[in-house]
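Notes for the one structure printed next.
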Amino acid sequence: MKIAVLSRNPRLYSTRRLVEAGTQRGHEVVVIDTLRAYMNIASHKPQIHYRGKPLEGFDAVIPRIGASVTFYGCAVLRQFEMMGVYPLNESVAIARSRDKLRSLQLLSRRGIGLPITGFAHSPDDIPDLIQMVNGAPLVIKVLEGTQGIGVVLCETTKAAESVIEAFMGLKQNIMVQEYIKEAGGADIRCFVVGDKVIASMKRQAKPGEFRSNLHRGGVASLIKITPEERMTAIRAAKVMGLSVAGVDILRSNHGPLVMEVNSSPGLEGIEVTTGKDVAGMIIEHLEKNSGPNQTRTKGKG
C-alpha cells in the first residue's frame, strides 16, 4: 500500500513510528506537511498538490492533525476522501472530536458516563451554573484548550465565580465540570484501535497538580482496566466515529466517566509505558480495512 501521513513534523515520535511500522510491513509511507498540501476542488477530478506536484496513487491516509490546524487539516483530509483514499480517521469525526462541547453532547445522548458539565453564556447565570455541577470544588475548561492548558480547578464558590466571570469577560467559551475528587488526580488513557482497547495506561498528576496530562508533568504507569472501562472506551470511540482514539477515563464512585476522546493520540507515552507496538497495530488496522472508496463519508463531506 501507499500510505500518506499528514503531519507537520516528520521528526515527532508518533510520525516516526508510523513511518517505521508501515515501512517494516512493506508499505510505501510518505510524510506530507499538512499546511503545504493545497487543493484543486474541481468537478469529477478533485486533486491535491504538494510542493508543485499532484499527489496520486495513495491507498490510505493517516491524519496527525494538530489542534491549531484542525480547520485546514480537515479540509485536506476531506479532499483525500473525495479522491477515494481511505482515512484512518474521517474528517467529520476529527472535527466532531475537536469540539469538546459537541463531543460531550453526543456522548451524553448515548448514555456514556460523563462528569456533570454545565455551559452558559450570561454572567447572570453563574450562581445556578455552579449549583448545577454540585458546587465547588469544580473544574473550568476553555473549550479550545489542549494538553491541559486552559483548565482551572476552583476550590471555592467565590473563586469559581471570579474565574468564570473573567473568562466570560474575555469572550472565552468555557465549560464547568464537577470535580471528581475520588480519582485522586489520575486518569486512564485507553488506546482504541477498531473495536478493541489495544493498550491502556494510568496517568498520575504530579504532587500538588490535578491535571494528569504527560505534557504537564504527569507520570504514566501500567494499569489493568475493568471490563466496564474497556466497554466505555470502545463505545465512546464508536459514538465519535473514530477508528483510532485515545479515550481518557476517570474512575469515579459511580463508574467510569469519559473526560475526552482524542482523535490524534500520541504514541510515545503509550508505547514506552506498555512496551506494545501500537504503531504496528494501527498499520495492521489499515491493511484490514482500507480499500478504494471505503470512507463512510462517501464524498458527501
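Positions of Cβ are set from backbone N, Cα and C atoms, glycine also.
For 104-287, the entry in Swiss-Prot reads domain 'ATP-grasp'.
In the three-state DSSP scheme, Asp187 (ATP binding site) is classed as strand. The ATP binding site annotation in Swiss-Prot covers Lys141, Glu178, Tyr179, Asp187, Arg211, Ser212, Asn213 and rests on sequence analysis.
Taking a C-beta cut-off of under 8 angstroms and a sequence separation of 6 or more, Asp248 (Mn(2+) 1 binding site) has the following same-chain neighbours: Asp187, Ile188, Arg189, Cys190, Val258, Met259, Glu260, Val261, Asn262. Swiss-Prot lists Asp248, Glu260 with the feature Mn(2+) 1 binding site, giving sequence analysis as the kind of evidence.
Annotated Mg(2+) 1 binding site per Swiss-Prot: Asp248, Glu260, in sequence order, evidence recorded as sequence analysis.
Positions annotated as Mg(2+) 2 binding site by Swiss-Prot, on the basis of sequence analysis: Glu260, Asn262. Around the Cβ of Glu260 (Mn(2+) 1 binding site), 19 further Cβ atoms fall within 10 Å across all displayed protein chains.
Annotation comment: Swiss-Prot describes Glu260, Asn262 as Mn(2+) 2 binding site, evidence class sequence analysis. Asn262 (Mg(2+) 2 binding site) falls within a strand when secondary structure is assigned with DSSP.
Using a 10 Å radius centred on the Cβ of Lys141 (ATP binding site) and all shown protein chains, the other Cβ atoms total 22. Residues near Glu178 (ATP binding site) in space but far in sequence (CB under 8 A, at least 6 apart, same chain), listed by position: Pro115, Ile116, Thr117, Val133, Asn134, Leu138, Val139. Looking only at the binding-site residues Ser212, Asn213, Asn262, the densest Cβ neighbourhood within 10 Å occurs at Ser212.
Of all residue pairs in Lys141, Glu178, Tyr179, Asp187, Arg211, Ser212, Asn213, the annotated binders of ATP, the farthest apart have Cα atoms separated by 18 Å. In this view, Asp187 (ATP binding site) is surrounded by 24 other Cβ atoms within 10 Å of its Cβ, with every protein chain counted.
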